[in-house]
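According to Swiss-Prot, the protein has these features:
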{"type": "BINDING", "residues": "663, 666, 668, 673", "note": "Ca(2+) 1 binding site"}
{"type": "BINDING", "residues": "706, 708, 710, 712, 717", "note": "Ca(2+) 2 binding site"}
{"type": "BINDING", "residues": "736, 738, 740, 742, 747", "note": "Ca(2+) 3 binding site"}
{"type": "BINDING", "residues": "801, 803, 805, 807", "note": "Ca(2+) 4 binding site"}
{"type": "COMPBIAS", "residues": "623-635", "note": "compositional bias 'Basic and acidic residues'"}
{"type": "DOMAIN", "residues": "74-418", "note": "domain 'Calpain catalytic'"}
{"type": "REGION", "residues": "419-587", "note": "region 'Domain III'"}
{"type": "REGION", "residues": "588-649", "note": "region 'Linker'"}
């Protein structure tokens, strides 16, 4: 049974994974989301339909920059304005920050001084050390750095108060445009700053990342893996150091040589993620500490620039709010560090493995062996000492022995890069497949396998491992692959009360007889089959990743939250050393068509809606015995069937009599009359929970069943509808297992399939959102309305799909006729 914890666990170890392919070029578009223009992906048709309501396509950085230069104005970002709405969302800050542009803060402001490096990052009064540790790692790889931080920006040439940065966002690269207004207090930057007072790239990068997530407060607390992946688009592996392999130092050394990014931390005993406050520390307490800290800083010395003092003097760093726990050795629990180097040095004739780390605070350091104040430096060769100390010239960076490192630190993160990013042709590349998905409450949010009644409803992805690894030292026929499940937008939605879900996944082998059919595996399969592999546990992190080795075969991956009924979006990435194929199951949309014994005569209709319903002109269940009645008379005929009336059953005669009583002499019924006849019959079924069919539902039924465009139903049309309702009623009762008069929305998938409709996961999700109530139940009238609409829409599509290729072309009149009369 799965267990749930609130901290990460180590993945299975082995050779480090590699992400695939060349680096993608950053897309320029909407500042805070993936690209501009019309959206794509999940529910793309629905979102595209409403996209003009949300806003027009965003202008690119170049367009905005050029416009500001032409008008000779400084850019002000309307999406992330320089006011309190961009700072905190949980409560108002008691101190008034002043937003200033760099030229207003100091003389001679510079974007980058002497190249961006790890010493340019000093943490301010915000708990985002995890993000700053990732920046420090990023500065070690110039190629990656230049992609995230375009270097053609300055405060002199073509300065317009506008800057841009590029981040990976769930499969896409996005260009985030900001103005250069920064929050200050006593003329000092409140948040991240550089070691040089007049250098601003790190502060502006932090602002762009805050915009990406909606506010500065949204950056409080996180994992270095998040920042690493958003800077690279690559995959991060997570190690619990106490469970690390014996060759961990070798793994770290190899990662440094490859240019991989690494971060580490020490558990604070509260099961909180890096940079978070201890349990119980609210945002209000954090703000109070920030206020006290800034006031104390103001009293210590003046922030005014002394006359004749250059603005490029070192920044006096305000030590950030220390809700992390500082240890006697100088290390800080619950705090993120960057691993910036590894070396070996001779000490008393023996080789000692060393690790170089950096604290984003820029001040608080390790004070044990190999620290700046270490008393045994005299036992180290002078040249060796000079070489090591030359590499840690700034505050916040220090050496410690590898033994001390694994003794004190508890977690290590390694962000593995592509061969292109690593600038090496010899490194092994991995192939990748990416799938987007969504958990929808009441349909596809089934929870983990502790909940067998709903686990099977989760999204399922088929994985075909086609080729074994090339490993001459391994005789097993094995495929190595890595699965990474990432939940989307939870940090940005914090202000709406969203927190990270506890997520994980399981992998099952598909029986050979089911290979290639792409069917959604049912409840019984998971009840009687054990998983072949799974994430070690369920974790409340943005991404869960795990390395596996399985024989070539076909598998199904089931990603889920720990608890059922939790809604959210995710991406599922699969990396493998050899060729693999990963895709969502049930991606074919179709409807079972009745086998017709004779081809019906062509009928001419007066509208496109009627044309889309043309197959109802002939009874689908019994087409033999047709007479030579003309189409027009046939449509108006009061006869239930073209055959002999004497063959009618007692039920059919009763049906005809009821219909005649309601319809009158013209033998056609309108929506009001349809409502009366349906409710009159349904009310006799006390086992169906329904408040009766509404007038609007009946109007929709008429529109979807009307074969002649009259706006009414004749006997034949009504009989077809009634037979369908009776068939669907049996399906409804079959899935009403508790005889409550409703069915659980999770059962709607099977009910739809039993009715002959085959949909994909997105359509099942949409049906649940459209027809289920807040208790995830569907009553009888909603159930019938859903099936009538499916029947009508499939019939309409097939009527216009002349060549059967699954694509139709409509003009605006046809489109409006089909959608307005439905």
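The backbone N, Cα and C atoms fix where each Cβ goes, and this holds for glycine too.
A Cα-Cα distance of 34 Å separates residue 801 (Ca(2+) 4 binding site) from residue 666 (Ca(2+) 1 binding site). Look at the binding-site residues 673, 706, 717 and count other Cβ atoms within 10 Å of each Cβ; 673 has the fewest. Of the chain residues outside the Ca(2+) 3 site list 736, 738, 740, 742, 747, 735, 737, 739, 741, 743, 744, 777 have their Cβ within 8 Å of the site's Cβ mean position.
With the fewest other Cβ atoms inside 10 Å of its Cβ, the least crowded of the binding-site residues 666, 668, 736 in this structure is 666.
Secondary structure from DSSP puts residue 807 (Ca(2+) 4 binding site) in coil.
Among the binding-site residues 668, 710, 805, no residue is found with its Cα located within 10 Å of the Cα of residue 742 (Ca(2+) 3 binding site). For residue 803 (Ca(2+) 4 binding site), the nearest of the binding-site residues 666, 708, 717, 747 in terms of C-alpha separation is 708.
Note on residue 742 (Ca(2+) 3 binding site): other Cβ atoms within 10 Å of its Cβ, all shown chains, come to 23. Every protein chain shown contributes to the tally, and the Cβ of residue 805 (Ca(2+) 4 binding site) ends up with 7 other Cβ atoms within 10 Å. Among the binding-site residues listed here, namely 673, 706, 805, 807, 673 has its C-alpha nearest to that of residue 738 (Ca(2+) 3 binding site). You'll find the Cα of residue 712 (Ca(2+) 2 binding site) roughly 10 Å from the Cα of residue 673 (Ca(2+) 1 binding site). If you average pLDDT over the region 'Domain III' (419-587) in this model, you get 85.
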